[in-house]
Amino acid sequence: MAQTMSLATPLSRPDLRAALRRAERPNRLRALALALPALLFLIVTFGAPIGLFLTTAVRNPEVRHILPQTVSTLDQWDGQGVPGEEAFAALAADLARAKENSTAAALGKRLNYESAGMRSRIMSVTRHLGSFADGPLAPQFIALDPAWADTELWAIIKRNGAPVTLYYLLTAVDLGQDATGGIGRVAADQAVFLDILGRTLWIAGLVTVATLLLGFPTAYVISLAPARVAGLMLLMVLLPLWTSLLVRTTAWVVLLQTDGVINQVLLALGLTTEKLQLMLTRFGTVTAMTHIQLPFTILPILSVMKSISEGQMRAARSLGAPPLAAFWRIYAPQTLPGVAAGCLMTFILSLGYYITPALVGGPRDQMVSNFIATYINRDLNWGMAAALACLLLVMTLSIYLAFLRIVGAERIKLG
Amino acid sequence: MWLPAYATRSERLGRLFVVLFAVAVLVFLIGPLFVVFPLSVSKDPFFTFPIKEYSWRWYADFFENTRWTKSLVNSLIAAVFSTALATLLGTLAALGISRPGFPWRKAVMALMISPMIMPVVIVAVGAYMFFGALGLTDTRTGLVLAHAGLAIPFVVVTVLSALSTYDANLTRAGASLGAGPVSVFFAVTLPLILPGIVSGALLAFAVSFDEVIVALFLTGADQRTLPVQMFSGIRDQINPTIMAAASLLTTVSIALFVLLSLIRRVRRA
C-alpha cells in the first residue's frame with residue numbers, strides 16, 4: 001500500500017485534488033441549498049427550543065434579580081460569622097421592593113429548594129417589614145426568626161447570587177451542596193432521582209429484551225414463510241405501527257382493567273379464582289410497551305433475515321452440523337446487525353415513554369418523562385424539569401450515537 | 001412446515017412449535033387493535049365481553065358533543081397543514097441529500113432523523129417554552145410548526161428510499177435533450193418519485209394526527225386535538241365515547257395504511 005502511494009504521488013499533480021474539489025463546489029453547494037430549508041426549520045422549531053429549555057437546568061435568576069443589593073453587599077462578606085448590619089439593611093430594602101413587585105414568593109420558592117423553611121422565612125420577613133422599628137435591623141430579623149443568625153442561611157443566599165447554579169443538575173443525580181459548597185450525597189429520604197433513572201433504564205431494558213424474545217422467532221418464521229403467508233404476517237406487524245400509540249394504550253387500559261377482558265378470560269378458563277390487579281402495575285406497563293415497540297424490533301431483524309441465503313444452512317447441515325448447531329453458529333450470528341438495529345431503536349424509544357406509563361402504570365412505574373411533565377405542570381419547577389431532561393437526553397443521545405455507529409442513519413427504513 | 005426434505009422429526013416438531021409461537025405473537029400484536037371496535041358499538045357503558053346489545057349511541061354522543069367534533073376538526077386542520085409543510089421541506093432535503101456531492105451527509109442525516117428518536121416530552125416542553133416567548137402557544141401556527149418538525153424525518157426517509165431506486169441517468173438524459181434542471185425535475189424526476197413523496201406525506205399526516213404530547217403542551221381549549229381530548233378523557237374517567245373516538249382514529253390509520261399499501265403495489269408493478 002505504502003509503495004503504491006509513493007509511486008503514485010509523483011505522477012499526480014499536487015493541485016489536481018484541489019482543482020477537482022473546486023470544480024465540484026457549485027454542485028455541492030446546490031445540494032446543500034436544497035437541504036438547507038429543512039435544516040433551518042428543524043433548528044428553529046426543534047434545536048433552539050430544546051437548547052433553550054435545557055439551559056434552564058443551570059439558570060439561576062431569582063436571587064440575583066430579586067435581591068440585587070443583598071448580593072452585592074454579601075460580595076464583601078467572607079462567610080465567617082453573621083454578616084453585618086448593612087447586609088440586613090440591604091435585604092430589607094430588596095424585600096420591600098420584592099413586596100411591591102410581588103416577587104417575594106418566587107424568591108422564597110427558589111431558596112426553599114436549597115433549604116426547607118426558607119419560603120416561610122422570606123414570606124414572614126416580607127410581611128413584617130412594615131412593623132420593623134427604626135434602628136438596627138439585624139436584632140429585629142433575629143427576634144422574628146433566630147435562623148437569620150445562621151451563617152449557613154447567608155451562605156446559601158450568597159452562593160445563589162451567581163447567575164449559574166449546579167443545584168438542579170446535582171439534585172437530579174441525588175447530590176447536593178452544603179453551606180461551604182462541598183458536594184455530597186443528599187439525605188436518603190430525598191434521594192429519589194437515581195431510583196427514577198434506574199427504573200427508566202430497567203423498564204426500557206425489560207421492554208427491549210421482551211420484544212427481542214417475542215420478535216426474533218416471529219421474524220424468523222416470516223422470513224421462511226411462502227410469499228403470500230409472509231405478506232399477511234407482515235401486514236399484522238405493520239398495521240399496529242400505523243395505529244396511534246394512544247389508541248393502543250387505550251386498548252391496554254381496557255384489556256388490563258380489573259373487570260377487563262384478560263381477567264374475564266382467565267376466570268372463564270379457571271386459571272385464576274380471583275381477579276388480578278393488572279392495571280397500574282409494572283407488568284401492565286411493560287406488556288403494553290412491549291406491544292407498542294414490537295414492530296420496531298421485528299422489522300430490522302426481518303430485513304436482515306431475508307438477506308441470509310438458505311444455501312448456507314443447507315451447507316452447514318450437509319457438513320454434518322446438527323440443526324441447532326447450524327442455527328446458532330451459522331444463522332444467528334448473521335442476524336446480529338438486525339438484532340442490534342432493532343434493539344437499539346426500541347431501547348432509545350422506550351427511554352422516552354410518557355403516555356403509556358401515565359395511563360397504564362402506577363406511581364412506581366412512572367418514568368423520567370413523566371417526572372419532567374409533572375415538574376412543569378404541577379410544581380412549575382422548570383429547573384428540575386430541565387435537569388431531568390438533560391439526563392434523559394444524555395442517555396438517549398449516547399445510545400443514538402451507538403446506533404449511528406453500528407447501523408447508520410441512512411439505513412433507517414419505514415415499513 | 002416450510003422445511004427441506006431432509007429435516008429430522010425433532011426438527012419438524014421444533015419448527016411447528018416456532019410457527020405456533022410466531023402466530024401467537026402476531027395475534028398479540030393485532031388483537032388489541034380490534035378490542036376498541038366492538039366496545040364502541042356496545043350498548044353497555046361497561047367494557048365487558050360478550051356484548052349483549054349493539055348500539056350507535058356512543059357515536060351519536062361523539063358527533064353531538066361539540067368538544068369532540070371540534071377536536072376532530074382541529075386535528076384534521078393541524079395534520080393537513082403540517083403535512084404540507086413537512087412534505088415540501090422533507091422532499092427538498094431528500095433531493096439534496098441524495099445528490100452525489102452532498103457535504104457532511106452523515107452528520108446532516110443524523111440531525112434530520114433526530115426528531116424521530118428525541119423523547120417527545122423534551123420536544124414538547126422546549127416548544128412550549130420557546131413558542132411561548134414568541135406568543136405561539138395556544139395557536140394553530142405553533143402546533144403546525146412543531147408537528148411539521150416531528151414529521152420531516154419520516155418524509156426524508158421515505159423520499160430518500162424512493163430516490164435510491166431512481167436512475168440518475170434519466171436526469172442526464174433530460175438535460176442532454178435540452179431541458180433545464182427545473183423542467184427535468186417536473187417532467188422526469190417528480191413523476192418517478194411521486195409514490196415515495198405521497199407515502200412520506202401519508203406518514204407525516206399520521207404522525208400529526210396521532211400526536212398527543214406536543215399538542216397537550218401547545219394547545220389551549222380552542223385548538224385541542226382529538227388525541228388530547230381522548231388523553232384527558234382517559235385520565236379522568238374512561239368512558240365508551242372514548243372507544244368511539246379510538247375507533248375513528250384507528251379507522252383513519254387503517255385507511256392511510258391501505259392507501260400506502262396500494263401505492264407500494266403500484267410502484268412495484
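Cβ coordinates are placed from backbone N, Cα and C, and glycine is handled just like the others.
Values in this document were obtained by computation on a predicted structure and should not be read as measured data.
Per TrEMBL, the feature domain 'ABC transmembrane type-1' maps to A:197-403.
Note on the transmembrane segment (A:201-222): residues 230, 233-234, 237, 282, 285-286, 289-290, 293-294, 296-298, 301-302, 305, 335, 338-339, 342-343, 346-347, 350-351, 353, 357, 365, 367, 395 of its chain, located 6 or more positions outside it, place their CB under 8 angstroms from a CB of the stretch. The transmembrane segment annotation in TrEMBL covers A:201-222 (among others).
Outside the transmembrane segment (A:229-247) by six or more residues, the chain places 218, 221-223, 291-292, 294-296, 298-299, 302, 355-356, 415 with a CB less than 8 A from a CB of the stretch. According to TrEMBL, the transmembrane segment annotation covers A:229-247 (among others).
Feature annotation from TrEMBL assigns transmembrane segment to A:283-304 (among others). Residues of the same chain lying 6 or more positions beyond the ends of the transmembrane segment (A:283-304) and with a Cβ under 8 Å from any Cβ of it are 203, 206-208, 210-212, 214-216, 218-219, 222-223, 234, 237-238, 240-241, 245, 248-249, 252, 256, 334-335, 337-339, 341-343, 345-346, 349-350, 353, 356-357, 360-361, 365, 407, 413, 415.
Positions annotated as transmembrane segment by TrEMBL: A:339-360 (among others).
Proximity of distant same-chain residues to the transmembrane segment (A:380-403), defined by a Cβ-Cβ separation under 8 Å and at least 6 residues beyond the stretch ends, is recorded for 50, 53-57, 59, 113, 165, 167-169, 171-173, 193, 196-197, 200-201, 341, 344-345, 347-348, 351-352, 368-369, 371-373. What TrEMBL records for A:380-403 (among others) is transmembrane segment.
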